[in-house]
Amino acid sequence: MSKEKFERSKPHVNVGTIGHVDHGKTTLTAAITTVLAKTYGGSARAFDQIDNAPEEKARGITINTSHVEYDTPSRHYAHVDCPGHADYVKNMITGAAQMDGAILVVAATDGPMPQTREHILLGRQVGVPFIIVFMNKCDMVDDEELLELVEMEVRELLSAYDFPGDDLPVVRGSALKALEGEAEWEAKIIELAGYLDSYIPEPERAIDKPFLLPIEDVFSISGRGTVVTGRVERGIVKVGEEVEIVGIKDTVKSTCTGVEMFRKLLDEGRAGENVGVLLRGIKREDIERGQVLAKPGSIKPHTKFDSEVYILSKEEGGRHTPFFKGYRPQFYFRTTDVTGTIELPEGVEMVMPGDNVNMVVTLIHPIAMDDGLRFAIREGGRTVGAGVVAKVIA
């Protein structure tokens with residue numbers, strides 16, 4: 001088949017497989033691409049092509065991730081699969097592969113296992129909004145009651161972590177049999193794809209969200225005022241609109257009196273563009289890198305939050321020694337470092353390089369943040385960890 005041109009017309013949705021080791025995540029990924037290619041067109045990806053995942057760097061952390069793409073009649077999917085448990089943890093915490101929804105793979109022969117639980121918890125903490133369950137290896141279980149029992153266990157586990165366990169879709173299938181072309185099991189893959197289409201809503205595009213620009217630099221231009229530069233993270237800013245400067249200091253209002261890109265004047269700056277924004281009545285010394293420019297009322301500054309963190313191993317260039325509760329590193333948000341203190345969970349005395357841990361962080365300056373914001377943990381400019389804001393506290 002010749003390479004089709006990339007269809008921008010279909011909504012684009014990011015998904016991924018999560019679940020315990022050897023429950024069949026990669027086999028399912030291969031089965032989805034194969035069955036959907038056969039049914040709706042597109043190209044299949046073999047198991048071994050998916051399993052030897054290339055390394056990527058996200059926030060200075062090496063992660064092995066496989067990306068595959070597939071289509072249903074109504075959508076285009078980008079799907080991420082990781083070979084190892086540690087890769088999942090890193091992937092979910094760094095947000096290297098943001099997921100609009102996840103397929104939780106549980107082997108019917110085993111039921112939920114420790115990593116099943118851990119991936120569900122991580123999904124909750126990092127804000128994976130929707131989970132669909134694929135009960136795999138159902139061809140190996142003859143007892144209908146056993147299947148009922150496993151499904152019930154999985155639903156209860158999801159409910160325990162605040163997912164709608166009673167209502168979310170559960171598909172009973174066999175990835176291997178589907179991959180081998182057995183029609184009754186291929187039908188289960190089509191059923192799963194149907195749930196991807198119907199259960200995961202179309203994600204809101206960055207351009208439709210409220211305006212936010214992390215400030216990278218500040219200049220004053222004589223006779224014109226103060227210009228801040230940076231890449232618009234989301235939304236649109238139009239000339240004449242009110243904006244807020246949020247973080248580090250008290251929040252200040254201003255008006256955008258001009259937008260420039262490559263020395264040209266524009267009417268607006270949009271998500272993804274590197275722009276300069278001219279601000280009315282603001283002095284150069286009133287603004288600094290690390291603040292954000294945002295739609296008024298859309299984001300607030302905070303100093304205290306609950307987070308999920310991955311600490312780099314020595315081999316990844318991280319610390320060589322554990323840290324304890326008095327640890328005071330820098331937390332790097334968007335464009336700047338802010339010092340913070342940490343509280344570890346009860347019973348956790350120290351954190352080893354290579355661990356992932358839940359911690360409450362208190363920053364010495366407020367930073368504009370929402371749940372789901374990613375950050376790096378640094379010591380003297382060197383990245384030693386990555387984290388995500390699970391919940392803002394104050």
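Every residue gets a Cβ built from N, Cα and C, even glycine.
Here is what Swiss-Prot says about this protein:
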{"type": "BINDING", "residues": "19-26, 81-85, 136-139", "note": "GTP binding site"}
{"type": "BINDING", "residues": "THR26", "note": "Mg(2+) binding site"}
{"type": "DOMAIN", "residues": "10-204", "note": "domain 'tr-type G'"}
{"type": "REGION", "residues": "19-26", "note": "region 'G1'"}
{"type": "REGION", "residues": "60-64", "note": "region 'G2'"}
{"type": "REGION", "residues": "81-84", "note": "region 'G3'"}
{"type": "REGION", "residues": "136-139", "note": "region 'G4'"}
Three-state secondary structure, which DSSP defines for HIS85 (GTP binding site): helix
Selected stretch (most C-beta pairs under 8 A with the region 'G2' (60-64)) from 19-26, 81-84, 136-139: 81-84
Count of other CB atoms lying within 10 Å of the CB belonging to GLY19 (GTP binding site): 26
Secondary structure composition of the region 'G2' (60-64) [DSSP: H/G/I, E/B, coil]: 0 helix, 4 strand, 1 coil
For the region 'G4' (136-139), residues assigned helix / strand / coil by DSSP: 2 helix, 1 strand, 1 coil
Residue among binding-site residues LYS25, HIS85 with least C-beta crowding, 10 angstrom cut-off: HIS85
Cα-Cα distance linking the residue listed as 'Mg(2+) binding site' and GLY19 (GTP binding site), given in Å to the nearest integer: 10
Local Cβ density at the residue listed as 'Mg(2+) binding site' - other Cβ atoms counted within 10 Å: 21
Cβ-Cβ distance under 8 Å to CYS82 (GTP binding site), same chain, at least six residues away: ALA53, ILE63, ASN64, THR65, SER66, TYR88, ASN91
Per-state residue totals over the region 'G1' (19-26) - DSSP helix, strand, coil: 2 helix, 1 strand, 5 coil
Model confidence over the region 'G2' (60-64), averaged pLDDT: 81
Lowest local Cβ density among ASP22, CYS138, which the record lists as binding-site residues, within 10 Å: ASP22
Pairwise CA distance, HIS85 (GTP binding site) versus THR26 (Mg(2+) binding site), rounded so that it is a whole Å: 12
Between CYS138 (GTP binding site) and the residue listed as 'Mg(2+) binding site', the C-alpha gap once rounded to whole angstrom: 16
